[in-house]
Amino acid sequence: MAIKNLLVLAVLLSVVGVSVANPKGLDLNYYKQRCPDAEAIVRRTTVQYVSRQTSLAAALLRMHFHDCFVRGCDGSILLKSPNKDAERDAIPNLSIRGYEVVDAAKAALEKKCPGVVSCADVLALVARDAVLVINGPWWPVPLGRRDGRISRKSEVNLPSPFAGVAALKQNFLNKGLNTKDLVVLSGAHTIGISNCGLINSRIYNFTGKGDFDPSMNPSYVRALKKRCKPTDFRTSLEMDPGSVKKFDSHYFNIVAQKKGLFTSDSTLLDDPDTKSYIDTQVATAGSSFNKDFSESMVKLGFVEILTGNKGEIRKRCAFVN
């Protein structure tokens with residue numbers, strides 16, 4: 001999609017799109033006076049990268065999620081540490097990619113409006129615009145976040161792909177997100193890629209007796225075993241087989257068929273509320289998914305943010321000032 005068309009679409013969607021309840025003091029027009037082209041600059045950079053490598057959309061969305069779940073949406077995942085003990089050095093974040101997109105957008109902003117736009121805001125915008133490039137839903141991004149100065153590997157305690165629904169619900173509740181947000185945001189797996197290493201025990205030795213997880217469709221297990229040998233930890237796997245390049249509700253069809261790649265996907269069938277949402281999306285071909293996803297992403301962007309005099313506006317996203 002051309003940059004011009006994306007800009008037009010974003011304007012139209014901002015008129016008819018998701019309503020924004022904003023209890024956190026952010027503002028859709030936060031940079032209107034000091035950097036009026038901020039969103040256009042970020043969008044232009046994001047389009048340049050993601051249009052060439054569409055898999056970056058899932059990567060950047062994941063980066064934003066991982067950032068917000070540790071110390072809130074403060075850009076702390078972007079910080080580098082000479083001792084390799086920052087968030088990005090934690091095992092769940094070693095596969096995070098797309099930092100170059102955020103850095104390029106920030107560099108372009110620094111040329112136009114030095115010291116004005118936070119890296120936390122850049123990441124929130126990049127995630128939204130990356131999804132838009134692949135024709136996914138748009139959502140408003142209220143701005144005004146400030147950048148955190150602390151990033152600790154030891155604090156990375158993300159929702160686990162091996163977790164059951166009760167633990168996942170508590171993870172989300174701890175961040176001010178509810179059960180609906182859990183199942184809706186799990187729908188981001190419609191464009192996700194993982195690898196054999198994370199599911200081998202699930203298909204080869206689930207209880208230590210050479211068995212597979214009984215919550216999985218046996219035909220799906222057979223298909224996975226063809227892709228993943230017992231000692232294979234690197235081969236890539238689609239989280240939404242058959243629809244991984246398209247942002248749609250197909251993920252819920254896969255989960256309903258007991259073909260969720262992770263325990264955290266399959267377990268959504270174990271709770272009446274999350275199962276009901278999945279069943280509704282399957283029955284209605286995802287009629288409300290885009291709107292629901294947009295609303296949950298707005299809520300995610302408010303998690304434990306820094307505003308006012310807290311934090312800083314980094315000059316470079318990988319380093320504190």
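Backbone N, Cα and C define each Cβ position, glycine as well.
For Cys196, the partner cysteine in a disulfide bond according to TrEMBL, taken from Cys119, Cys228, is Cys228. For Cys113, the disulfide partner named by TrEMBL from the candidate list Cys35, Cys317 is Cys35. The CA atom of Cys228 (disulfide bond) is located 37 Å away from the CA atom of Cys317 (disulfide bond). In sequence order, His66 are the recorded positions from His66, His189, Thr190, Asp240, Asp248 with a C-alpha within 10 Å of the C-alpha of Cys73 (disulfide bond).
Ranked by Cα separation from Thr190 (Ca(2+) 2 binding site), the recorded positions Arg62, His66, Cys113, Cys196, Cys317 are led by Arg62.
Ranking the disulfide-bonded residues Cys68, Cys228, Cys317 by the number of CB atoms within 10 A of their own CB puts Cys68 at the top.
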